[in-house]
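Here's the structure we're looking at; comments come further down.
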Amino acid sequence: MPVHEIRHPLVRHKLGIMRRVDLSTKSFRELSQEVAALLTYEASKDMALAPATVEGWCGTVEVEKIAGKKVTVVPILRAGIGMLDGVLSLIPGAKVSVVGLARNEETLQAHTYLERLVGELDQRLALIVDPMLATGGSMVATIDMLKRAGAREIRALTLVAAPEGIKAVLDAHPDVNIYTASIDQGLNEQGYIMPGLGDAGDRIFGTKQKVE
């Protein structure tokens with residue numbers, strides 16, 4: 001199943017707090033990181049391991065380590081930055097690729113203004129992080145970009161997803177797994193997720209949120 005709605009009690013509890021309109025920027029930012037870490041745990045459960053040895057207190061010990069090249073985390077600017085530290089708290093050695101996409105508020109289409117990808121993507125697991133999967137345009141554009149650069153294993157982590165966005169991603173890229181804390185009702189006329197979290201970028205960075 002390519003869509004994973006993580007219904008762990010901690011995820012449900014933290015997401016419920018994040019839906020509060022009166023939540024402070026500090027709390028929203030911290031909870032974004034915490035939920036991102038929990039999503040990372042789920043998204044990394046089947047990562048390949050390789051045998052290794054280390055020197056322990058009583059001699060050589062056989063252990064296991066993550067096989068292959070380091071993971072790359074791909075935050076979609078700007079809101080994806082709010083989830084980055086949560087992923088890095090579990091995978092501190094991960095490389096970071098940065099993608100800048102802006103959505104045209106009239107057409108709801110995404111256009112790229114920044115692309116900074118790490119090398120050897122064909123040998124890395126790419127974890128895209130973006131709090132909101134709404135229309136799916138930004139996510140599809142990012143996956144397109146990663147695949148053009150050679151990425152073969154891509155997973156998307158998002159706090160809240162709309163069915164419309166999930167469908168758009170899977171129609172374009174059925175091989176990509178989506179991990180989300182919640183599949184919400186759908187999009188309103190402005191393309192925002194309902195009930196959603198509001199504008200995640202504004203809530204993470206403390207900028208003024210537009211209210212329709």
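Cβ coordinates come from backbone N, Cα and C, glycine included.
The DSSP secondary structure for ARG78 (5-phospho-alpha-D-ribose 1-diphosphate binding site) is coil. In the structure as shown, the Cβ atom of ARG78 (5-phospho-alpha-D-ribose 1-diphosphate binding site) sits within 10 Å of 16 other Cβ atoms. Look at Swiss-Prot and you will find ARG78, ARG103, ASP130, PRO131, MET132, LEU133, ALA134, THR135, GLY136, GLY137, SER138, ASP199 tagged as 5-phospho-alpha-D-ribose 1-diphosphate binding site, backed by sequence analysis.
A coil conformation is recorded for GLY198 (uracil binding site) in the three-state DSSP classification, outside any helix or strand. Annotation comment: Swiss-Prot describes ILE193, GLY198, ASP199, ALA200 as uracil binding site.
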Residues satisfying Cβ distance under 8 Å from ILE193 (uracil binding site), sequence separation of at least 6: MET132, LEU133, ALA134, VAL160, ALA161, ALA162, GLY165, ASP184, GLY186, LEU187
